[in-house]
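Reading through the structure tokens given below for one structure.
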């Protein structure tokens, strides 16, 4: 079954909801990055969160989430677009911590002090950038806090990852609910009560519930309608041309030193782990082009 995202809006237009099943793409990301259990859950939550936030964008826009805490997992970066692609990486994929109350200590892995930085490319000359402090380091609450404080849109975010003992992901998904301005405090309180009594996201997915069914539970008695669906996938936008541009950015002198010392270059994409090889003649061609420009 392919991953999917569903959008709904209340009939009065005051509340917008998104839910997604990201089980396959999170498994793909974990496979590519060869992550341990702690990193699998943290990266899975971050990818799912970026998918949900990416669904708020339009057209060719995209966003990047960067979690920079003081925990052993290090930096986590994820990117997503409104058409359903995402990619990401985690700095220390094999970092581990003792269980906390019988559960993986994701907050400890991310670190209790740090920042969430959001960068959006919305087609303007300058990219939009916003930041907020990590409030729980559980990722979902941090995204909700960012949306509520930095973007001034009251939001609730739920993320769930169910890890199999063999290291694969049994279920992954999440939801994002936003109260559109002007905020309806009574409606928000009603939905918060519903959310507090819901089963976990991962358990609903394991029970075979679709994103639409999850949204129906979230909205409860609030009349709402579906506004669209998107298929989701883990997809990297790297290319040999982009990696060549990375080499070009080093400059002719540094490339000449690299050619002398190693005779070739390997450039690894952090997001998908694909390795791009540049032979000595490739490096020399780049150096010659740079010298002709100068």
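Cβ atoms here come from the backbone N, Cα and C positions, even for glycine.
Predicted, not measured: the structure shown is a model, and the values here were computed from it.
Over all protein chains present, the Cβ of residue 238 (disulfide bond) has 18 other Cβ atoms lying within 10 Å. Per Swiss-Prot, disulfide bond is recorded for 236-238 (among others).
The annotation disulfide bond is assigned in Swiss-Prot to 269-272 (among others). Around residue 272 (disulfide bond), the same-chain residues six or more apart in sequence whose CB sits under 8 Å from its CB are 32, 87, 236, 238, listed in sequence order.
In sequence order, 236, 238, 243, 275, 276 are the residues near residue 269 (disulfide bond), counting only same-chain partners six or more apart with C-beta under 8 A.
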